[in-house]
Amino acid sequence: MSDSNQGNNQQNYQQYSQNGNQQQGNNRYQGYQAYNAQAQPAGGYYQNYQGYSGYQQGGYQQYNPDAGYQQQYNPQGGYQQYNPQGGYQQQFNPQGGRGNYKNFNYNNNLQGYQAGFQPQSQGMSLNDFQKQQKQAAPKPKKTLKLVSSSGIKLANATKKVGTKPAESDKKEEEKSAETKEPTKEPTKVEEPVKKEEKPVQTEEKTEEKSELPKVEDLKISESTHNTNNANVTSADALIKEQEEEVDDEVVNDMFGGKDHVSLIFMGHVDAGKSTMGGNLLYLTGSVDKRTIEKYEREAKDAGRQGWYLSWVMDTNKEERNDGKTIEVGKAYFETEKRRYTILDAPGHKMYVSEMIGGASQADVGVLVISARKGEYETGFERGGQTREHALLAKTQGVNKMVVVVNKMDDPTVNWSKERYDQCVSNVSNFLRAIGYNIKTDVVFMPVSGYSGANLKDHVDPKECPWYTGPTLLEYLDTMNHVDRHINAPFMLPIAAKMKDLGTIVEGKIESGHIKKGQSTLLMPNKTAVEIQNIYNETENEVDMAMCGEQVKLRIKGVEEEDISPGFVLTSPKNPIKSVTKFVAQIAIVELKSIIAAGFSCVMHVHTAIEEVHIVKLLHKLEKGTNRKSKKPPAFAKKGMKVIAVLETEAPVCVETYQDYPQLGRFTLRDQGTTIAIGKIVKIAE
């Protein structure tokens, strides 16, 4: 190449650099002024870089608006790395490069662009050059914004028809360098540069979300049935599939048209819960007279002759000796209209955790109150279990309550209407305060659990002429049916486990149904298991079990030691969520101190027990209106309602209260006292 050509090229290059420096404030492209003119004869690179657009086969991969190109340039056709402070660190590759740029062939080792291509800095005006670059500039990429834990939606964007995502993303990256022309005005360059930077920093933003440094920035999703169209469609398809398999006729054929109801007997210690349960089993024929006579003789020999009916429920030797129920007893009886499972909860304060586990499996609560003088006051006063059991039952979803005023035949009471009204009045006020509708959800009746008066047969009018209402069994048989979700996704919180010729788990089916041989998923371990055998309330093997049933399942695919109460058997297509962080509405019912960020306690949710701590208080709810405060409260005390972020030590299986009430409500306890109740409103991603 002649000296004159070299001089012309050098002049053009310096002129182009000067134009870029004037337009961009002499900051971004100052490195080009340091270009070594002595290296020109080896490759003719001046023309190739004047467009600042890069090649498809060797262009710039990423542009930094602060100071030049950061990443490596393809060594087949130019500089290997550009120094952000100004200038290239290494000389160009003398091998040059050949390729094709926008259908124009080039050979940058021997010649400029072929096929009549004219460098962009020669033969055109500044205005023409700007127009060309505007047309070539790519449109801003659409960004994805997570708006639901169950799916991803495009926010403020529409998808182009017929565009392949992989090719589109590749072209967007290749064109990212083309939009950085040095001759544009600063106001026109900065805005598109910022938009182009967003996709580059996506990885950094994702890391910030996973660390969740700020609770107020939590990406949380409130699960609703309409949150994600795809999930709704799949759920509808599953429900439709299961509806074809199970209908009302199948249920009627299996159980003779009788639905199943789980009852929990609760109340203060020595209120007569186990005795009443044992008498119900005897009166309905579930326990024969010979067995009762046997228990009566054994109780008399042990000096406990008045406890023989309770021995039907209390099978443990320690329970019989002390006259106190320790664990939740289970029994089954049947009437002409319904099938029942009795859950006999322990009344002692030491065993409240067992009572909570029993209440989580119940449909209807039977609150047993002793009318005997002194016993009623002890049970209902602060510290007694009557109030706490009623509160826990409401928290666990027991919305129907039968309050039986027991021991009405005691000599201190003698079926007194005045004593009965006193008990009813005090309990009514408390039940109303914790959320029960006294007119529709609660019924009161006087009974004698020991003599059986008003359990199955009406009390003698001579003894109690003032009560004309139904007996306990009459009311249970005629009350409204409990809503069942037979064709919903299968879910069974595990209440107990054992090893008997394999792994056996026990619990109440909260939704859906299960068949022998069906595959399920054990959460939170995400272990696939197979149902080998199904046993109903009477220990008989069946082929199918429905929502509301108390069952035992022999499962294959997991060992007994790998299961804990609180695990959930769930549908593989719609598994329950397993989380450690969620947002909940909490009502503080009993607390001597205060709750603030960092406060730890024990959470009971369905059959699970897990340690939990308060991450942050978000809002305080006004009394009456539940209006959220704008500023987060510094602490919470007794009587307050707050919205807070909670975090568990280990993953726990939960759902939002709106989707699955039974799996979205919980109780907080500390130092043997129930301090708060709550419901899950959002689940953190």
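Placement of Cβ uses the backbone N, Cα and C atoms for every residue, glycine included.
As written in Swiss-Prot, here are the features:
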REGION    1-34  region 'Disordered'
REGION    2-239  region 'Interaction with PAB1'
MOD_RES   Ser2  N-acetylserine
REGION    5-135  region 'Prion domain (PrD)'
REGION    63-99  region 'Disordered'
REGION    112-234  region 'Disordered'
COMPBIAS  117-129  compositional bias 'Polar residues'
REGION    139-249  region 'Charged'
COMPBIAS  166-222  compositional bias 'Basic and acidic residues'
COMPBIAS  223-234  compositional bias 'Polar residues'
REGION    267-274  region 'G1'
BINDING   Gly267, His268, Val269, Asp270, Ala271, Gly272, Lys273, Ser274, Asn406, Lys407, Met408, Asp409, Gly449, Tyr450  GTP binding site
REGION    323-327  region 'G2'
REGION    344-347  region 'G3'
REGION    406-409  region 'G4'
MOD_RES   Ser571  phosphoserine
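Overlay of Swiss-Prot feature records on the structure.
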residue : record           : DSSP class
Gly267  : GTP binding site : coil
Lys273  : GTP binding site : helix
Asn406  : GTP binding site : strand
Gly449  : GTP binding site : coil
Ser571  : phosphoserine    : coil
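Between the listed binding-site residues, namely Val269, Ala271, Met408, the fewest other CB atoms within 10 angstroms of a CB are found at Val269.
Here the Cβ of Ser571 (phosphoserine) has 20 other Cβ atoms within 10 Å, regardless of which shown protein chain they belong to. When the Cα atoms are compared, Gly267 (GTP binding site) and Ser571 (phosphoserine) turn out to be 36 Å apart. Separation of the C-alpha atoms of Gly449 (GTP binding site) and the residue listed as 'phosphoserine': 42 Å, rounded to the nearest whole number. Residue environment of Lys273 (GTP binding site) contains 31 other Cβ atoms, counted within 10 Å of its Cβ in all protein chains. Distance noted between the C-alpha atoms of Asn406 (GTP binding site) and Ser571 (phosphoserine) is 43 Å.
Here the Cα atom of Lys273 (GTP binding site) is found 36 Å from that of Ser571 (phosphoserine). Other Cβ atoms within 10 Å of the Cβ of Gly267 (GTP binding site) number 28 in total over all chains. It is 41 Å from the Cα atom of Ser571 (phosphoserine) to that of Ala271 (GTP binding site). In this structure the residues listed as binding GTP are Gly267, His268, Val269, Asp270, Ala271, Gly272, Lys273, Ser274, Asn406, Lys407, Met408, Asp409, Gly449, Tyr450; their two most distant Cα atoms lie 19 Å apart. In the predicted model, the region 'G3' (344-347) shows an average pLDDT of 77.
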